[in-house]
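*Asks:* Structure incoming, see below.
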Amino acid sequence: MTSETTTRTVVGVVGAGTMGAGIAHVAAAAGHDTLLLDARDGAAAAAVEQVGRRVRRSVEKGRLDEADAEALLARLRPAADLTDLAGCGLVVEAVVEDPAVKQELLRELAGVVAADTLLATNTSSLSVGAIATALPRPGRVLGLHFFNPAPLMRLVEVVRAPSTDQAAVDAAVALVAAWGKTPVVCADTPGFVVNRVARPYYGEAFRLLADPVGGLDPATVDALLTGAGGFPMGPCALTDLIGQDVNAAVNRAVWEGFDRDPRFTPSVVQDALVAAGTLGRKSGRGFLDHTEGADAPQPATVEPCTGPALRPGRGLDPLARRAGWHDQGEEPGSVEVVPTDGRTAAAVEAALGRPVVVLDAVRDPATATRVGAVASPACPPGALAALAAALAPAGVAVSPLPDVPGLVVARTAAALVAAAEDAVESGVTDRAGVDRAMELGAGHPAGPLAWGRDLGDRWVVGVLDALHAAEPTGRYRVPATLRARAMLAADRVSRGLGIGLVAAGPGHGTVRATVTETWLNGFGIVHGGLVAVLADTALAVACNSHGPLTVGAGLDVVWVSPGRTGDVLVAEARERVRYGAGARNGVYDITVRRDDGSGTGDVVAEVRGRTRSVGPVPAPSPDSPPQEDT
Ligand code: NAD
């Protein structure tokens, strides 16, 4: 099959279960003659009938023209045998999630179809490359990951294995787009985009519920992620709908796929539900009770009441304005309400030397209906009740929270942004692709990267670092690019010199700047010290990619040629060795080049940088002025 695929292309679908039936429906609706095959006797015919019922319901509801429905159904037929698929230009397999079964099927198919027939797998958790490896022409094998229900869900992840030809990717993208779906091309890595980036949405909620000290319950966690986080469904209700066993299997597959990376550690709470057979709606009980007549559990909510005087802190203006809650100035004994920066309320109180109420994150202060809050230890009694009274006029309820780092919504937001940044940094897909996939495939109200832009890189990094300080397992590590952007946004010297980030990753960093008049010394030559600042910035990006706070401990600069006005200078730092406690001390090779667009411009300076760890980074005080992210 070539990129000129048209509706004349016959489509084969193997596996007539939930996904296969849906995919065949989509292909036939888009105008393709479609053949549906299943190993079970009668399964393909039953699936065709099921699609027929669905299509006729659409006619009854006025969503589909009768003639179009009949034409669609005339194009969809069950196949009796694999050889019936010989004339197909595309075959999508949606059989059981077993690599041996999929590989064997595709091997047999490859012997039946034409040499240029595109072979796609709908696997959600297996490596497409590993499935393709035993086939004669692996270049035409790729993943087409549809979401359930396929006729309704707009996203299709087009998974490119290292062996997949570009022509096959182009053809699949064109086809998926012609089917009215949104293709997002991604790399063949565990979970692809959605099943990888969505993990913290469940994982952070389950982690909170696993903490017996916190006393949080599923209804409150869900209510905060919907009422303050803006998600259409809370993680507990959503996984009850998906099935705890199904969701746990994806968690485990991604965790195993990433060599048991702590970011994806399966949840003990969820495992316990699965072991007990409480799988969610299908078994009547999961996190929530779904049995007939069961009362919906109510989220923990603070009763509004008069209490100590409260004043809204910086960053709470939109919510305070909406509630008509005015800052009365620093009334004696009044307590400031501050937005969370990830630290516990006790830590903020200790840093400021006065009690505070810390508010959990809110996605949109104009529409939020609930917010979580915690009072610091020295807070006068009744502070949360007074907060509830202050926010009641806006229709915003207050849920009391345990004093844990990152609270509920803030930790979820920061972990989602980190997962999204990490996927981009790892080359899974581009920034727009991640956000589109999460909106269309996971139903998030906005992509995590767009949310991260609203929250600010420094805030996200601060929350992740606070979570890491409480649980230094690597679960909350900050992607190098995110930390580099946050660092540069806060670095006035680099900003003043116009130094911008090019790239960052584990152990490397590249920055660039254009030499202007201000870089020149009295002899019209670039200040060597400023080139050293450029090199030092690259070094800071590279060495802090492993976690804060590592600093330069020396630069040996060898000048090769002088810089000139108008030069674009690029400094690239790469780790040579890492050693010492926590392996955070290191030696870096840094090259400063004139950028001629090829990446091989003249070398201006060669630099050897040494670094040393100086301990945990101090969190920014809530009193420090917010910085614009650049
Ligand atoms: P399913 O169990 O509903 O259907 C699988 C079908 O494949 C069955 O009808 C079975 O008889 C048939 N089958 C098994 N081996 C076969 C073979 N060798 N030849 C022909 N038919 C065979 O499964 P499903 O939920 O539709 O999932 C199918 C695939 O789609 C899996 O790889 C799954 O990971 C993936 N997927 C599922 C979902 C989902 O939400 N269900 C979403 C995305 C992707």
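Cβ atoms are placed via backbone N, Cα and C, with glycine included.
Summarising the annotation, TrEMBL assigns compositional bias 'Pro residues' to 617-630. The domain '3-hydroxyacyl-CoA dehydrogenase NAD binding' annotation in TrEMBL covers 11-188. Here TrEMBL flags 191-289, 406-495 as domain '3-hydroxyacyl-CoA dehydrogenase C-terminal'. Look at TrEMBL and you will find 337-405 tagged as domain '3-hydroxybutyryl-CoA dehydrogenase reduced Rossmann-fold'. Marked as domain 'Thioesterase' by TrEMBL: 523-597. According to TrEMBL, the region 'Disordered' annotation covers 292-336, 595-630.
What's the neighbourhood like for these features in this structure?
*Replies:* Each residue of the domain '3-hydroxyacyl-CoA dehydrogenase C-terminal' (191-289) gets a DSSP state, and the totals for helix, strand and coil are 62 helix, 3 strand, 34 coil.
Computed over the domain 'Thioesterase' (523-597), the whole-number mean pLDDT of the model equals 88.
In terms of DSSP helix, strand and coil, the region 'Disordered' (292-336) has 7 helix, 5 strand, 33 coil.
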*Asks:* Look over the recorded stretches 337-405, 406-495, 523-597 and say which has the most C-beta pairs under 8 A to the domain '3-hydroxyacyl-CoA dehydrogenase C-terminal' (191-289).
*Replies:* 406-495
*Asks:* Could you count the residues of the domain '3-hydroxyacyl-CoA dehydrogenase C-terminal' (406-495) that DSSP puts in helix, in strand and in coil?
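*Replies:* Summed over the domain '3-hydroxyacyl-CoA dehydrogenase C-terminal' (406-495), the classes give 66 helix, 0 strand, 24 coil.
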*Asks:* Residue counts in helix (H, G, I), strand (E, B) and coil for the domain 'Thioesterase' (523-597), per DSSP?
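*Replies:* Helix (H, G, I), strand (E, B), coil: 22 helix, 33 strand, 20 coil.
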*Asks:* Could you give me three numbers for the domain '3-hydroxybutyryl-CoA dehydrogenase reduced Rossmann-fold' (337-405), the DSSP helix, strand and coil residue counts?
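*Replies:* Split by secondary structure, the domain '3-hydroxybutyryl-CoA dehydrogenase reduced Rossmann-fold' (337-405) comes out as 20 helix, 17 strand, 32 coil.
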*Asks:* What parts of the chain pack near the region 'Disordered' (292-336), using Cβ distances under 8 Å and only residues at least 6 beyond its ends?
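*Replies:* Sequence-remote neighbours of the region 'Disordered' (292-336) are 217-220, 222-224, 354-357, 359, 362, 365-366, 368, 370-371, 373, 375, 379-394, 396-400, 622-623, 626.
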